Every structure is written in structure tokens, then in C-alpha cells.
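Contents: one structure, followed by commentary.
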Amino acid sequence: MKLCYQNIQITELVNDWHEQEKTIAFIPTMGGLHQGHLSLIDIAKQKADKVVVSIFVNPAQFDKNEDLDSYPRSLNADLVELEENVDSVFVPDVKQIYPNGISKYIDVGMIGRILCGKTRPHFFNGMIQVVEILFEIVRPNVAIFGQKDYQQLLVIKQMVKNLSLDICIESGEIIREKSGLAMSTRNQYLSENDAKIAANLYRILTYVKHEVLQNKKIDVLKKMAESDLKQHFKLDYLEVLDANTLKQITDNTCQIIILSAVFLGSVRLIDNIIFLKKDNYV
């Protein structure tokens, strides 16, 4: 495994691979690796000859009142986990990524202004900045992201399309704890009791899916589910939408997604479930 701290190091490495006609799969992370990240590496190995993982806690996607300083960092443990699993790890500092400071604005479009983009308006602009920069440096053939951050996935796909980048964007399924809680680096903030409470998010989303498949009215379902969520969390949003557009479900909808974001204390949790729409859906 080649460990790269500077842009020039990873650039020289990927140039050599491209000259050898090797394909490159890329997984951007902020570290704090868990089984969800490792599942993306498994996908990457199937999609390309070489696998690169980046570890960079991106300050551009944190608001001033968020957890940039306290975000879980475990670089040594992450590198041990990656040692036998990837070909290179890119660990840049802020000056490598933003040599002229964080100033670029990228229009993330409608998809980036709803749901998480509505309550965290800074997030997708900061996220898309760093992803575009990393794509320019690593020049992958394919990049893999987790389904848990589903809205982020769609924003990235839209960016790749808008910029005509020759990069295939793949996604990996949500990996869950035995309780159903979606794995996340921020789960480290949860106490044992909080983790049990957090599992209610997936339970409620699963219930909504079951009822949607029974053709129950979505407006009624949402009110019931929101009431249930508020028994355990501070609710940010709960939506049942077309999975491809994040708009209201229509006759042309093929897949439905149920998305929610909640707060448990100061910890923000997101989750979603995607499923095929029944032919007789009303």
C-alpha cells in the first residue's frame, strides 16, 4: 500500500497506473472507518484494477456550529485497516486541497437545496468542492459512495454529468448494526443507551415502507411516522419520494425512497430505504 500525503505523490502514482492502462477505483472518506467503508472497498476491487482511498476531514462542509474540531479521527487505526485492502491511501492536509483557501462556489442544483440541503445549506456546496478537487487529483475511472448519504450520491452524479467527467459513480448498500442502526462514523458519539434509541429510526422507516406497499396514503403515513419519530428524536425531516428525482411520486416512478434525518441530542442521524414501487400503487 502506497501512502501519499502530497498531491504530487498521488498524481505520479495514478499517472503510472494510467500509463499501464490500469483502471482506478476511488473512495473518498473522512476517516473513522467502519464496516460500511470496507464494503465499498469490496465493490471497488470488483470494478477496477487499483483502489485508492482518501482520508480528509473537509472543513468546507462543516458549519461554524458543527463538529469539525471533535469529528472522530483515527488515522493510525484506519491505515492498519486499509493496509492489506487497497493500493494507495491519500491523506492530504487542508493546504494540499485548498492552497488558495476555501472560496469556490458550486451550484448544487435543486437536488442539493432540499432535505439535508435545506437545513444544512453549506453542506453540499462544501462536499461537492472537495469531491471535484479529489477527482481532479486522483483521476479515477470509477468512484464509490455509500447509499446512506443518498442525497449526496445524487448531487455527485449531477456534478459528474454537468462537468462531463468520464467517471462512473457506483453506490454501496447501507451496512447496519444488528439493531438496524445504519453504520456511521458519528455513531461513536452515541452512548450504549442512545444507540438503542437510535435504532428506532430504521424501525420506523421499515414500518413506513410496509404501509406504502399496502397502498396506504402517504400523507397519513407521514403524520403517523413523524409523531412516532418525535417520541424518540428531534425531527429534521421525513419524506417519501421518487428515488431517482427526489420529487413526489408519480405514475412514472419506478423506485420509492423513504428518507429521514433526526437529532438524538446533538448527534444528527440520517437513514433511508429504497424499494420498487408496486404496479398497483395508487
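Including glycine, each Cβ sits where the backbone N, Cα and C put it.
What Swiss-Prot records for 30-37, 146-149, ILE175, 183-186 is ATP binding site, and it gives sequence analysis as the kind of evidence. The active site, proton donor feature in Swiss-Prot is assigned to HIS37; the stated evidence is sequence analysis. Per Swiss-Prot, the feature beta-alanine binding site maps to GLN61. Taken from Swiss-Prot, the feature (R)-pantoate binding site covers GLN61, GLN152, and the record attributes it to sequence analysis.
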Can you tell me the CA-to-CA distance separating HIS37 (active site, proton donor) and GLN152 ((R)-pantoate binding site), as a whole number of Å? 16
Starting from the Cβ of LEU33 (ATP binding site), draw a 10 Å sphere and report how many other Cβ atoms land inside it. 23
Simplified DSSP label at GLN61 (beta-alanine binding site) comes out helix
One finds that other Cβ atoms within 10 Å of the Cβ of GLN147 (ATP binding site) number exactly 18
Under 8 Å Cβ-Cβ from MET30 (ATP binding site), six or more apart in the same chain: what's there? ILE55, PHE56, VAL57, ASN58, TYR71, THR185
Quick one: pull the CA-CA distance for the residue listed as 'beta-alanine binding site' versus GLN147 (ATP binding site), whole Å only. 19
Starting from the Cβ of HIS37 (active site, proton donor), draw a 10 Å sphere and report how many other Cβ atoms land inside it. 25
Among GLN61, ILE175, THR185, all listed as binding-site residues, which has the most CB atoms within 10 Å of its CB? GLN61
GLY36 (ATP binding site) to GLN152 ((R)-pantoate binding site) - Cα separation in whole Å: 16
Please report the three-state DSSP label of GLN147 (ATP binding site). helix
Cβ neighbour count within 10 Å of GLN152 ((R)-pantoate binding site): 24
Reduced to three states, what secondary structure does DSSP give THR185 (ATP binding site)? helix
